[in-house]
Structure formats: C-alpha cells, structure tokens
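K.L.:
Got a structure for you, questions after.
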Amino acid sequence: MSLEAVTEPGKCSIDPNTKDLLASQHAGNNTPLQENSSAPRSECKAQDAMSKRQMKKFLKQKQWEDQRELRKQKRKEKRQKRKLERQAQAEHNIDANSRKRFRHEVQPSALRLIIDCSFDDLMALRDVKKLNKQIRRCYAENRRAVHPVQLYLTSHGGQLKSNMDEYDKGWINWKDIHIKPEHYKDLIKKEDLVYLTSDSPEVLSELDETKAYIIGGLVDHNHHKGITYKKALELGISHAQLPLGNFVKMNTRKVLAVNHVFEIILAFLEKKEWKEAFFSVLPQRKGAIPLTETGEQPECRASEQEDGEDSDSDSSIDESATIQPSVRCEEQNS
C-alpha cells in the first residue's frame, strides 16, 4: 500500500523523506503500514520517536549517496596523483642514470686554470660582487664540463672572501677546486705560468695542458687597462691572448668577463676548434660576427642593435677585434 503525506488534524504524518525507508523496513511484514490511520496522539509520539531514529539513518544514507560523485572524483584524483608520482620517479631514475653515464664520460683535463684574485684593492664593492658571481659561474660550468680543468682561486681574501661568506658560505664545501690565499707564483712553477691578457702580442693557437693559464680576476670597466699584461712582465712569466681576432669581428672593443674566458677554454677543450668555442659562449649583445676564411668581414649592412654593458674583465680578448658598427650580413646571390 502506497504512503501519502497526511496533513489532517489529529493524524500522524510521516516526513516524505522517510516514506521509502519506512516502507522498505516494513516490507515482508504482514501488518500493513498506514500513515493516515487515526492513531491516538500517544501512539503518534511513539511513532514519531521511531521516525527520528529512522530519519537519522536515512539522512546518513542520503549523505552517502549524495557524496558518491565526490568520492568518485577523489578516487580519480588519487589515481592521477599516483600516476604522476610514478612518472616522476621514472624520470628521476632516468636522469640519475643519465648523470651516472655522463659522469662516466667525463675526462678531466690536466690543464690548470687560475683566477687571479689579487686585484681586490682596485675594485669597488659592487664590482667585487660581480666578480663573485662570475667565479660561481665558472665553478658551476666546470662541474658540468666534459673536460673539467684544475680550477684555482689564488690570493683569495679581502672583500671577495667577505662577500662570498655573506652571499653563501657553501663555497667552503665546493669540490674539485683549489681556493688558496697564496699568490699563484708561490704555488706553481714560474715556467708553467701563462697570463691570458688582451694586451699580449702573443696569440694562442693551442692550449698546452701542462701549463697553468691565468685569468685576471678584475672587474674594472677598463679603468686599469693593460694591468694584467704589466703584471706578467713584472713577474717575468709568459703571456698570451686568445685568438679571437682570427675568427670574430666585434662591434666594440670590449674585454670578456672572467666566466666568458673560462667557458671559452672549456668549450675549446671539448670542441677542439676556436671558432666554434667562441660562438658557443660569446653573448649576442657583444655583436660578434664571424670572419670569412680569408680573414675579411663579409659584405654587410649596418643595423641597430641594443648596446651591451661595459666589459667586466681585463682578460684575454684579442685587441685586433676592432670597433665596428653592429651589422647584419645579407646572403649574396652568386
């Protein structure tokens, strides 16, 4: 017998939400459930009390049903999360294996590369901070290199050391680097030293891995032009410049930052070719363009190019890279 809501006075009414539940609970019972029976009020109260318990159970069941889609969505999100975690773990394992393989392919070079930090008193603090960043870049590049060099920091102290301590004391845990307070002449034989300076008349053609090449750790914006060359002469050590002018035409005469010189040497050790090494490192803002095999600049037309920053170091760029306007080369029809 179907149940219908009754609102007549003196008769018990059952909440519509409870109908189905009450009906199902009385299924199979020989005594039919009648909502609109004329029961006394005391009997109605007892039935109302029963209804509350049943209502609580019903609401709980209803809440469960209402949240079915939410639970389904949560299970889906959980599965997706586990899937992403498995993918991330797999990628991590691949990267780890790749790094292991890469480290197995690394062949350290015997070449020693020294950053001379003895110019501390010639730099303002802002330039010392720049040098600190360049040194950190050198260290990071050397750690990733196929042929890492034997990296030295010499005459380490003063403002530079204080700034490195302030910036991040983690440098004391750096690996595969020799950080020394001593001058390089007290650490390495004089005949093995070669100062890389843009003012040297000597031009490197190859790198001798039995030598120790020195990069001047100086950020001076050309305020102390030629100081590294003079220092090499005073100490009576060999000097040379990178063969940049044989392969590259620059839009201005600018010396390279410490990290650029360092990266060019790392690139040459890997590629064994100066031109490729230069163009894999030189920033575009320096307006570098290749020379032809005859050593002449191809026919080009002037174009606008954003001016770069001042040079950061007095190290090793070939001075024959003379001032030229920024250019864009056109392909010539034969």
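Just so it is clear, glycine is given a Cβ too, placed from its N, Cα and C backbone atoms.
Quantities reported herein were computed from a predicted structural model and do not represent experimental measurements.
Pulled these features from Swiss-Prot for this protein:
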type     : residues : note
REGION   : 1-101    : region 'Disordered'
COMPBIAS : 26-40    : compositional bias 'Polar residues'
COILED   : 62-94    : coiled coil
COMPBIAS : 71-84    : compositional bias 'Basic residues'
COMPBIAS : 85-98    : compositional bias 'Basic and acidic residues'
DOMAIN   : 98-289   : domain 'SAM-dependent MTase TRM10-type'
REGION   : 290-334  : region 'Disordered'
COMPBIAS : 305-317  : compositional bias 'Acidic residues'
K.L.:
Could you put numbers on the helix, strand and coil content of the compositional bias 'Basic residues' (71-84), residue by residue per DSSP?
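P.N.:
Helix, strand, coil within the compositional bias 'Basic residues' (71-84): 14 helix, 0 strand, 0 coil.
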K.L.:
Which value does the mean pLDDT take for the coiled coil (62-94) in this predicted structure?
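P.N.:
In the predicted model, the coiled coil (62-94) has a mean pLDDT of 85.
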